[in-house]
Amino acid sequence: MSASAVNVNPGRNVVVVGTQWGDEGKGKIVDWLTDHAQGVVRFQGGHNAGHTLIIGGKKTILRLIPSGIMHPGVACYIGNGVVLSPEALFKEIGELEAAGVDVQNRLFISEATTLILPYHIAIDQGREARRGAGKIGTTGRGIGPAYEDKVARRGLRVQDLFEPETFAERLRENLDYHNFVLTQYLGVAAVDFQQTLDTMLSYADRLKPMVTDVSRRLYDANAAGSNLLFEGAQGTLLDIDHGTYPYVTSSNCVAGAATAGAGVGPQKLNYILGITKAYCTRVGSGPFPSELYDADNAARQEAIGLELATVGKEFGSVTGRPRRTGWLDVAALRRSIQINGVSGLCMTKLDVLDGLDEVKLCVGYTVDGNHVDLLPRGSSEVARCEPVYETFAGWKESTVGIKEWDKLPANARAYLSRVQEVAGIPIDMVSTGPDRDETILLRHPFKV
C-alpha cells in the first residue's frame, strides 16, 4: 500500500519515541510521517540529539529544529521541555537557510523554554574531565546543567531575554554561584558576566519573532483539524527516570513527556510509535546486555558486532563517536513498550542484517541464576544480565528499498514476525534504507 493512498484522519496526534538508547532512526520516520502532518513538535532534550535525514540522496542533520522543517508549509515547534542554545539554534538556521529552506517564518519557540548559557557548557565539560574513567558520556553541550538550573528554579528562560535588567540581575546571581563551582571545585576558569550578558542579549531581537505561546498554538492547531507529530529525542533507555541510571540523559525521553514538554493534554496523544533498530546500539558508558562490539573495550570485539557498526555506519551524528553494537534486545524493548504505551513499532535498518549467516534475538536474561524476561531497572543489575538468545537463519537477498512486506526474504519476515510475537505488539512500519521512500507501511499511525 502506498503512503499516498492512505486516507488520514484530521486533527490527530502521533508521538514518535525511541525504544532503545537513541540513534534508532527517528529522524527519517518523522520526515516520512510529516507528509501527513501540519506541525512537528520537539518536546525535550537539546542540541545533544542529532536527527539524520536522507532526502533525494542529500544528507541533513538536525539537532534542535524539528525534522518537519524540510517540508514546505509545515509548522515546527520547540516546546518548553527543550533546553535551548541560541548559538546552536542560529547556526542551524543559517545552515538550513543557506540550503534554501525557509525556517524563521515556520519555527515557533515556547517563551518558557530554558536557555543554555556558557557556564552550563563549562560545568558540563569540567565535570566529565574530573570524572575520568568514570565519566557518564555526556556530549559536553551544557544540557544537564541547564536542566539542573531549571529544576532548581534558577534557570533563565527565553522570555527573560526581553526584560534586560531582570535578565542581567538574575544572570549575575547565577554566575556568582556557578563561578564558585567552576573555579573552586572543578579548577577551571570563571565565565565572564559582561561578555555573557552581551552575547545573550544580542540574540533577543532575532529570537523575538519566533517566540510564542506554543501550548496555545498546538491547542488551536488541533482544534482547526491539524495533525501534529511529536518528535522525541534520544531513547527510552536513556530517560532520566526510566533509563539505565545514572548512564542516562537529563530529560524524560518517553511519550508521556510530550504532554509536559509541549503543553498538551494526555488525551490528545492518539498513537505512540516506538522506533527500534533491527539490532541495538549505544554511545558512551553504561550497561548493554546484548553487546557484541565496543571499540574501547578489548573484551567486546566480536567480528559480527564490528560488521554491524561498519555496515550500519554507526557513528554519532552530533559527536562522531563510534557506537557500541549488539543484537536486538526484546526484553529491553518490552520495558520500553510498557513505559511508553506503544501502539505499534517501526523497525529500522533491517537492511544492515542482509547477508548474515544467522541473526540472534535476545528474548530474556539470566541474572544471578534466575531467568528474567524484562530489562531490570537498576544499572548494577542490568550489568549482571547474561543474554538468552534465539537464533534465526539469515538471508542473503538484499532488502534495500523494498516497499512491500510480501517481497521481503522469507527469513527476514520470520525474524520480524518473531519480534512482534515476543514483544507483544505489531510492527506497523519497516525501514529498508536511509531514504524516506525506502519504507514498508503496514498500518498508518495517523489512521489507526
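Each Cβ is built from the backbone N, Cα and C atoms, and glycine gets one as well.
Here is what Swiss-Prot says about this protein:
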- 22-28, 50-52, ARG323, 349-351, 431-433: GTP binding site (BINDING)
- ASP23, GLU24, GLY25, LYS26, ASN48, ALA49, GLY50, HIS51, THR139, ARG153, GLN234, THR249, ARG321: IMP binding site (BINDING)
- ASP23, GLY50: Mg(2+) binding site (BINDING)
- ASP23: active site, proton acceptor (ACT_SITE)
- HIS51: active site, proton donor (ACT_SITE)
- SER317, VAL318, THR319, GLY320, ARG321, PRO322, ARG323: substrate binding site (BINDING)
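Positions of the features from Swiss-Prot, shown on the structure.
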| residue | record | Cβ contacts under 8 Å, 6 or more apart |
| --- | --- | --- |
| GLY22 | GTP binding site | ALA49, ALA233, GLN234, GLY235, LEU238, CYS253, VAL283 |
| GLY25 | GTP binding site | ILE275, LYS277, THR348, LYS349, SER431 |
| ARG321 | IMP binding site | VAL283, GLY284, PHE315 |
| LEU350 | GTP binding site | ALA278, THR399, LEU408, ALA412, LEU416, VAL430, SER431, THR432 |
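Among the binding-site residues listed (LYS28, GLY320, PRO322, ARG323), GLY320 has its Cα nearest to the Cα of THR139 (IMP binding site). In sequence order, ASP23 are the binding-site residues from ASP23, LYS28, ASN48, GLY50 with a C-alpha within 10 Å of the C-alpha of ARG323 (substrate binding site).
With a 10 A radius on its CB, THR432 (GTP binding site) counts 24 other CB atoms from all the protein chains. The binding-site residues examined here are LYS28, ARG323; by Cβ neighbour count within 10 Å, the least packed of them is ARG323. The two recorded residues ASP23 (IMP binding site) and PRO322 (substrate binding site) have their Cα atoms spaced 12 Å from each other. Cα of GLY50 (IMP binding site) to Cα of PRO322 (substrate binding site): a distance of 14 Å.
If you take the Cα of PRO322 (substrate binding site) and the Cα of ASN48 (IMP binding site), they are about 15 angstrom apart, rounded to a whole number. Its Cβ taken as reference, GLN234 (IMP binding site) is surrounded by 27 other Cβ atoms within 10 Å in the chains shown.
Around GLY50 (IMP binding site), a 10 Å sphere centred on its CB holds 19 further CB atoms from the protein chains shown.
Proximity of GLY320 (substrate binding site) to non-local residues of its own chain (separation of 6 or more, Cβ distance below 8 Å) is seen for none. Across the fold, the C-alpha of LYS28 (GTP binding site) and the C-alpha of ASN48 (IMP binding site) stand 18 Å from each other.
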